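Enquirer: Got these off TrEMBL a minute ago, pasting:
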COMPBIAS  1-29  compositional bias 'Low complexity'
REGION    1-32  region 'Disordered'
TRANSMEM  57-75  transmembrane segment
TRANSMEM  95-117  transmembrane segment
TRANSMEM  138-162  transmembrane segment
TRANSMEM  182-203  transmembrane segment
TRANSMEM  215-235  transmembrane segment
TRANSMEM  255-279  transmembrane segment
Amino acid sequence: MTHANAVNPATNPAINPAANPAAGPSHAAMPRAHAAGRRRPSVWAAFRWETRKAGNLWYWIVTVLFDAIGMFNGWSQYTGFQAEFARQGVTWAAIWGQAILLPSMVFMPVLVAAFAAQVEANEHRGRNWQRLNAAGTVNAAIAGKMLHGLAASALTVLVFEAEFILVGRFAAGFDLAQLGPFLLRGIPLTLSVWAIMTLTQAVSAKAESFAGTMSVMMVLTIGGCALSLAASAIAGPYPLALITSASAARDLANIASPASMLASTTAAAIWTAISALIFRRLAKQAV
C-alpha cells in the first residue's frame, strides 16, 4: 500500500480544506452554504413534523366512542318508529338526523378544540413560537399546522361517515345507492371541523395555556348550542354551530340541497380564512 492510498480524505487538508482550520473556509463549500441559507422553509416538512409530534391517540378513541353514542341514538329512533319511516320511505335520513345532532353540537366542537389546544399549548411551553420567529420559519410552521388540521378534520368526518354507513347498512339494511347526499355532506362537514380547529389555534396563540384556550372554546360551544336551539335559522354562520349547519341535522328536507351545501361550505371557508389570519398575526407577535 502506498502512502497516498493510506491518506484519509476526510482529514487531508489538500483534499478537504475544512480539515485544516488555518486554511480558512472552503471556497467550494461557500456556494452550498449560501444556497442553504436561501432555501425556503418546507411546508411539507412542517406538516410531517406536526403529524409526528401530535399525541392524538386519545382523540381518535374518544371520537369513535362519542360517534357511536350518536349512532345508537339514531338507530334507536329508527327502530322505535320503523313502521312510520317505512310508510314515508325514509331510510338513511332517519338515522342521520339523530346520529349527528348531539356530536355536532357538543362532542365534535369540544373534542376538536381540545385536540388543537393540546398541541398549541406545547408550543408556548417550549417557547417554540419565539424560536420560529427568530429563524424566520413561522409562516411555514403555520401552514404545516393548518395542513395537519385539515387532515385531522377529514379523518374526523371519515370516522363518523364510516360508522354511519356500517350502522345503516348492517344494522338497518339500507341501500348503499341512496348514500350520495350523506357522503357529499362530508365536504362542508370537513371544512366546518377545520374552521373550528383553526379558530382554536388562533385562540391558543393568545391564551397560551390549554386551560385558557379551552375556557374560551367552551364558552363559544355553549353559545353555539344555545343559538342552535333558540334560533337555528340564524345559527348557520356562527363558528361553533358550523358542524350542525353543515350536517343539515335540523333541516333534513334539504340534506341533498346543493344550495344548502354551498352555503355551509362558504361559511366554513370564510371562518377558516379569518381564523388563519388571526392565528398568523398572533403567532408573529410571540417574541
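Using N, Cα and C of the backbone, Cβ positions are placed for all residues, glycine too.
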Enquirer: May I ask whether the transmembrane segment (95-117) has at least three C-beta pairs under 8 Å with the transmembrane segment (215-235), counting pairs 6 or more apart in sequence?
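Expert: With 3 or more qualifying Cβ pairs, these stretches touch.
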Enquirer: Short question: most Cβ pairs under 8 Å with the transmembrane segment (255-279), which of 57-75, 95-117, 138-162, 182-203?
Expert: 182-203
Enquirer: Which residues of the same chain, at least 6 past either end of the transmembrane segment (57-75), have a Cβ under 8 Å from a Cβ in it?
Expert: 94-103, 107-108, 111, 114-115, 152, 155-156, 159-160, 163-164, 167, 171-172
Enquirer: What same-chain residues lie close to the transmembrane segment (95-117): Cβ under 8 Å, and 6 or more beyond its ends?
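Expert: The answer is 54, 56, 59, 62-63, 66-67, 69-71, 73-78, 149, 152-153, 156, 160, 164, 167-168, 172, 182, 193, 196-197, 200-201, 203-204, 210, 213-214, 217-218, 220-221, 224-225, 228, 240-241, 243-244, 246-247, 249-250, 252, 255.
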